[in-house]
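Colleague: Sharing a structure here in structure tokens format.
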Ligand code: ADP
Ligand code: MG
């Protein structure tokens, strides 16, 4: 043992082995008796023992605060270290007590090395702290960081390469080192049961600036006889990570309970009981002769490594590490799908009595909107500025409930009745007026009452209103309309997420719902707490559902949400239920924050991006309202009292970030209308009889000849449009190919013979579609027929589906090309001008970058398949070669906002297949 390879921590410059530095001496250390644990213990399998036989030992010696320390280190090289493109180090740290030592992480080492990590495990000196003499009461904490940074230097860990797996005091040492200098450390770290008394200065800033975060894990007991740790000891760090204003970017919190080890853990396990376990193993390494050794389930490993290996979060979301610094409206964007409002609560009597300072100031902006958006300033007592943001509207304390309703929810009631989903949130610290805004006192009611009276006033006779009312408390949903306990899981239903077993009721009046909601409010109280307390620590969601009469399908939903208080509740000393509640509220609000940030990032990078809706039941339930199919209003509530300044800044920052969320609202009303129109058109259809695939239709302009196939207007149909002249014969091949695949096709012989007849042809086409009962057929246009199709789509956008445009004029082989040139020596100069010049108002394109197309295609909208035969002088061009032909194709395709597809080798059957596949 011990004669194996050295530790390679940087493959970029060849093999680097740890070295001594000025401040720390590193000596090789031969494995001693205690190391026999790694080679002999029954707990390890053969693969692990084989790996451990290559273990290298060092001892690091250093002097801190006048005391000499020596720390044993054990190192393992990554599997395929030389091939690994980047070097990564898993630094395994642990507390130092009677039942723990570096063996703690030993079952993690094999998967770590297989994942391409070099492993460095060490024993920190001292007991009860990372550095410091056992029993010493002096504060050594500042030296802990120094100790670890000295070691990083000896290990010559390249910048950003050390991922930390640390438990207890080891994690404290890491946090202190990271706060001092984050350079050697990677972006993601797994910390367990870290009881840090005070979060070191600089930690938050360093995490933010490096796009780093922490997975904080908490488990009180790994085996029944283990003395419990107080999980609440984690609250300093969890308060930082779960502070809603961080938008969940600094990390997350996983709490779980090991199966059979009943601990006092106050919170429900977030992982199953064997996710990560631990047991006592005999080892001479530990003072007590045995040590706690961790084991992780395959699921757990997968989750941890996926987390640790992820690249750092991209720090530059626009300009700042923590996302945008300005609201979307301040940046000039009008965001109609996600509006953000601020409401300032007036000072309460008790606040007036103690003459609370006012820390908020509001002013109109000159943004050209009526009413103009407003700026809200947050100033502290010394009048230094703590925040400055512009929002759609800031409701000052004097604003009435009615005024707030009129600007926020009232416009949404119309949308809801017309089939659009809407979501209204109240967000903010406890006591800032969320419940007042949403429900309000009976004599001056809030949004719910006012919305309901407007809804019932305008409820169409063919629609019913149903409602549901739930509370989300400690990750449990409670049906507030029923006495029964517990609700089932959230499932993805037809109309979005649904809760299994939730009672839904049909309402005939506003007062009926209001009474049920008032009764529901009394169900919110639990035995232990009064109603107010539970309501501030839980989310309440009223869901209104509009349905067609006697139908089960939801037409549209309106979610009105009173969120739990966003204050940072995990203060030290909070234990038991309080700790569980606080942690839970903050976990769900940071999950909300992370969803918001992921949406912003995906929007900026124009990617789909993974949006972590699944991280919390709250975000799952409100998925539609956050980036989904809903119009959303966020009303962020703040108080002007100066003692809530930091909470107000936090709320305003959250609101500012959320203002960048863009929802994708489906216009059900528009869809409904289109369906109705379609039905009307179909109703007026005439019967077309074809004989031998040919027939005529009598229109105002005269009899129009049509070739093709016909069953009924209900079939998917493609209308073929040929060039000027012998239109129908040239389309015969394609008609046959479409008939062969049973696709309904009609090619009309239009009357136009010149460009000036374009609009009269379009009029004939519309009349033909009406006559046939075709609401929105697909159009195929060839050469001049392509121009007809584009013009038709522009004049009657709702009466044409997708377009397939093809250049046939220029499709030719070498012999045909030569013949053309012989007939017209100028052919090569005008080759691509033909009908397509119409896209450029009949002039030659000034450039090929697509600029300069004229008014003829201005504002064109629609999906187009653009077929173009790629060749030079009749010889097929290799794909991707830039030629005159490809440049023209690009320019013309760009005019209709698409890219060309090479059709040189396509047969009529190929084109038919494309048309069939391209129907809307
Ligand atoms: P939250 O739901 O955010 O915890 P509440 O809505 O319960 O806060 O409001 C806290 C207190 O402030 C309540 O007594 C409430 O009546 C009062 N309050 C809140 N907003 C207003 C307002 N705009 N005008 C008058 N009183 C208000
Ligand atoms: Mg409330």
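Just so you know, glycine gets a Cβ as well, placed from its N, Cα and C.
In case it's useful when we look at the structure, here is the feature table from TrEMBL:
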DOMAIN    337-661  domain 'Kinesin motor'
BINDING   428, 429, 430, 431, 432, 433, 434, 435  ATP binding site
Colleague: What other residues of the same chain, not counting 428, 429, 430, 431, 432, 433, 434, 435, have a CB atom within 8 A of the CB centroid of the ATP site?
Modeller: 345, 426, 436, 536, 565, 637, 639
Colleague: Can you give me the same-chain residues 6 or more apart in sequence from residue 431 (ATP binding site) with a CB-CB distance under 8 Å?
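Modeller: The list for residue 431 (ATP binding site) reads 345, 536, 565, 639, given in order along the sequence.
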Colleague: Judged by the number of other CB atoms within 10 angstroms, which among 428, 433 is the least packed of the binding-site residues?
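Modeller: Lowest Cβ count within 10 Å among the binding-site residues (428, 433) is 433.
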Colleague: Across the domain 'Kinesin motor' (337-661), what does the mean pLDDT come to, as a whole number?
Modeller: 87
Colleague: Kindly point out which of the binding-site residues 429, 434, 435 have a C-beta less than 6 Å from some atom of ligand 1.
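Modeller: With ligand 1 as the reference and 6 Å as the Cβ limit, the list reads 434, 435.
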Colleague: Got a sec? Which of 428, 429, 431, 432, 433, 435, the binding-site residues, have CB under 6 Å of any ligand 2 atom?
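Modeller: 435, in sequence order.
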Colleague: For residue 434 (ATP binding site), what is the secondary structure by DSSP, using just helix, strand and coil?
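Modeller: Going by the DSSP assignment, residue 434 (ATP binding site) falls within a helical segment, counted as helix.
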Colleague: If you skip the near sequence neighbours and keep only those at least six away, which residues in the chain come within under 8 angstroms of residue 429 (ATP binding site), Cβ to Cβ?
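Modeller: In sequence order, 565, 566, 567, 637, 638, 639, 644, 647, 648, 650, 651 meet the Cβ cut-off.
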Colleague: What's the number of neighbouring CB atoms sitting within 10 A of the CB on residue 435 (ATP binding site)?
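Modeller: Taking all protein chains shown, residue 435 (ATP binding site) has 20 Cβ neighbours within 10 Å.
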Colleague: Ten-angstrom check, please: count other Cβ atoms within 10 Å of the Cβ of residue 432 (ATP binding site), all chains counted.
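Modeller: Around the Cβ of residue 432 (ATP binding site), 27 other Cβ atoms lie within 10 Å.
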